[in-house]
Amino acid sequence: MAAKEVKFAGEAREKMLRGVDILANAVKVTLGPKGRNVVIEKSFGAPRITKDGVSVAKEIELEDKFENLGAQLVREVASKTNDLAGDGTTTATVLAQAIVKEGAKAVAAGMNPMDLKRGIDLATAAAVKDIQARAKKVSSSAEVAQVGTISANGDSSIGEMIAGAMQKVGNEGVITVEEAKTAETELEVVEGMQFDRGYLSPYFITNAEKMIADLEDPFLLIFEKKLSGLQPILPVLEAVVQSGKPLVIVAEDVEGEALATLVVNKLRGGLKVAAVKAPGFGDRRKAMLEDIAILTGGQVISEDLGIKLENVTLAQLGRAKKVILEKEKTTIVDGVGEKAEIEARVAQIKAQIEETSSDYDREKLQERLAKLAGGVAVIRVGGSTEVEVKEKKDRVDDALNATRAAVEEGIVPGGGVALLRAKKAVEALSSENPDIAAGIKIVLRALEAPIRQIAENSGVEGSIVVGKVLESEGNFGFNAQTEQYVDLVAEGVVDPAKVVRTALQDASSVASLLVTTEALIAELPKKDAGMPAMPGGGMGGMGGMDF
């Protein structure tokens, strides 16, 4: 086991704080409509330009092990917020930095870290409750567009495009973002289907950066039983190899020899293949496999129908323009099924929905209907250069996540105002214990951090903006884009309540743990053993010398 270095108390916190500051300072320049870009060096290809907080956070790795520990913990805040809400990563980072800074000062002044944490947790819970109470449900397409626009850094065309996509496939519909081959950004609604099963083995991945298997124009083998032996599928595999097209296998399970053979063939490049478990269970699985077969113009290969796997021909396989397999979901885009058959299936499911008395069955049937009839909306992001396309795609992804979050939990005034207004709820808290009271005050100060940063990124003094916004009530706040004090909701400057709430909860959770840290342990750098011994003769004695 390698030797470790340990740092305690003040020295540990100081190092950790320095790491937190380096990461947070790099991330927070991107906050708000007038936030700046960050350029990230890539080991190959052009540098990446981004205004996406989590992309910046993920790139930062510090040389000093102890500073790096602090930076990694704040990176965790950004990643977790991104996973849960899909946006708000920069806000979460700014909040975490503010709580850690104030908390470290309080600990240095001799306060009890555990009581400080209790105060921070109490204040966070009160602020979250206030944010949820202020949330206003999103009803119109225009409001959806506003949320998307703000999250895409004021790009109204992106906001309108996402609102259009949601209108076409419904709020629950599937919307994917791709890079376009042209300079234009466009929206296309493709008939497709998504289900919640992912690839059976990570070896099927074709795009390592996104961790997905992306197969163009594949055949689909839809089999209702388990596949474990290799012999039954050999004829169909050989036919697919000769056709030169990829193959997607949808079956109850693929295991043993069959899975091993598919993986080996994929790795050797002989056959582009991916396997996925069939969605659903029991009778519902059969019905969903039938849906996939109708959508792709294939047949469900079932022993009940007297079709043996050994005798399957290419004509019995489904076809689609594209199949994308992720870790936990699969999307089939543009199946070649007959329109009349798909419509007949949709009518059949609608009839079943009307007949069923079980709420659970009705919900599952509606899900199947949405998958068959709703389709998949694809936003193709275009630009003049690859760098521009990547930067814009980051913003479209953020905007899409923010819009989904807004539909889920409603919207609050943007520009850091919802957090600032939550101060009132936190001020109402009190505690006999002075250290818990100090923890509450830490959150009170931290709630101002995002609006200050947005103002400073716009070239305006943060404290003046905070003072002016606190003089008023409700949705009144600072619009950094126009540098005016206005009713933010009326102007369309809104944030999803879920994003603001998640950012605060994640920041407070990690930052309060940092405040209670008393020791840091990191591995010592390995020392070079020096030059190897030289062969006998001339300069033989140099082997052990240290350079």
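Quick reminder: no glycine exception, Cβ is built from N, Cα and C everywhere.
Listed in Swiss-Prot:
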BINDING   THR30, LEU31, GLY32, PRO33, LYS51, ASP87, GLY88, THR89, THR90, THR91, GLY415, ASP495  ATP binding site
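Features per Swiss-Prot, on structure.
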residue : record           : CB count, 10 Å
THR30   : ATP binding site : 22
GLY32   : ATP binding site : 28
LYS51   : ATP binding site : 21
GLY88   : ATP binding site : 32
THR90   : ATP binding site : 29
GLY415  : ATP binding site : 27
Which three-state DSSP class does GLY88 (ATP binding site) fall into? coil
